[in-house]
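Quick look at what TrEMBL annotates:
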type	residues	note
BINDING	Gly12, Phe13, Ser14, Gly15, Ala16, Gly17, Lys18, Gly19	ATP binding site
DOMAIN	5-183	domain 'Guanylate kinase-like'
Amino acid sequence: MNKKGILTVISGFSGAGKGTIVKGLMKRYQNYALSISATTRNPRAGETHGVEYFFKTKEEFMDMIEQDQLIEYAEYVENFYGTPKAYVDSQLESGKDVILEIEIQGALKVKEKFPDTLLLFVTPPSMQELKQRLVGRGTEDSKTIDCRLKRAVLEAEGIDQYDYLIINDDLEECIVRTHNIIQSEHCRVSRNNCNIEQIKEELKKF
Ligand code: 5GP
């Protein structure tokens with residue numbers, strides 16, 4: 001039976017809570033592998049190289065692009081972010097469902113390269129709440145918050161290219177809902193061609 005993992009992209013406006021949902025998924029369930037991205041942005045207080053991100057200089061990042069080490073990369077509010085290829089490939093092969101927490105340009109590039117990628121978009125219940133969350137977490141200055149809100153306007157235009165919209169109203173419910181969506185995908189007929197062929201072959205023997 002088909003054992004390969006599902007590549008899942010989780011995107012959402014900055015401040016939507018997608019990072020918290022992803023952390024909850026990783027903590028609660030065993031079958032996920034979270035891809036750690038490379039970025040040229042500076043670490044925030046409490047962030048560690050190799051945990052939240054691989055923090056790179058612009059030069060190092062350009063080398064990764066040149067050596068074809070990234071599945072995709074994108075520029076977001078004056079910094080580069082990209083998904084290292086090797087980890088994703090090996091985890092999918094081993095049967096893990098791999099989570100990429102990436103913005104929309106990268107998500108669409110991944111979908112183009114791997115059409116069976118599952119695209120999930122996380123949003124807070126209202127845009128007023130989005131602004132409050134961004135201001136409340138206190139990790140960005142007001143100029144960066146403005147840039148991120150402007151960016152949200154652009155990102156909203158791409159939501160209809162996603163497969164599922166997840167409204168982050170209650171965190172615990174959201175984590176379970178996200179898990180259920182991903183696990184249901186394993187049953188999709190188009191993801192089970194090998195199993196279907198096997199069923200047909202076995203039936204021929206009767
Ligand atoms: P932050 O600076 O808040 O950690 O991330 C900014 C944005 O970059 C978020 O929307 C995040 O999902 C996205 N991001 C993180 N890693 C990647 C990546 O590897 N590729 C792309 N395209 N976006 C990423």
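Indices start at 1 and increase along the chain as displayed.
Each Cβ is built from the backbone N, Cα and C atoms, and glycine gets one as well.
Summary of the ATP site environment: with the site residues Gly12, Phe13, Ser14, Gly15, Ala16, Gly17, Lys18, Gly19 set aside, the chain residues having Cβ atoms within 8 Å of the Cβ mean position are Val122, Thr123, Pro124, Leu130, Arg133, Asn168. Same-chain residues at least 6 positions away in sequence with a Cβ under 8 Å from that of Gly17 (ATP binding site) are, in sequence order, Val122, Pro124, Arg133, Asn168, Leu171, Cys174.
Cβ neighbours of Gly15 (ATP binding site) (same chain, under 8 Å, six or more residues apart in sequence): Pro124, Leu130, Lys131, Arg133, Leu134, Arg137, Arg148. Within the same chain, residues at least six positions away from Ser14 (ATP binding site) with a Cβ under 8 Å of its Cβ are Leu134, Arg148, Arg151, Ala152. Residues near Gly19 (ATP binding site) in space but far in sequence (CB under 8 A, at least 6 apart, same chain), listed by position: Glu101. Remark: Lys18 (ATP binding site) has Ile10, Ser11, Gly12, Glu101, Val122, Asn168 as non-local neighbours, by Cβ distance under 8 Å and separation of at least 6 in sequence. Residues within less than 8 Å, Cβ to Cβ, of Ala16 (ATP binding site) and separated from it by at least 6 positions along the same chain comprise Val122, Thr123, Pro124, Leu130, Arg133, Asn168.
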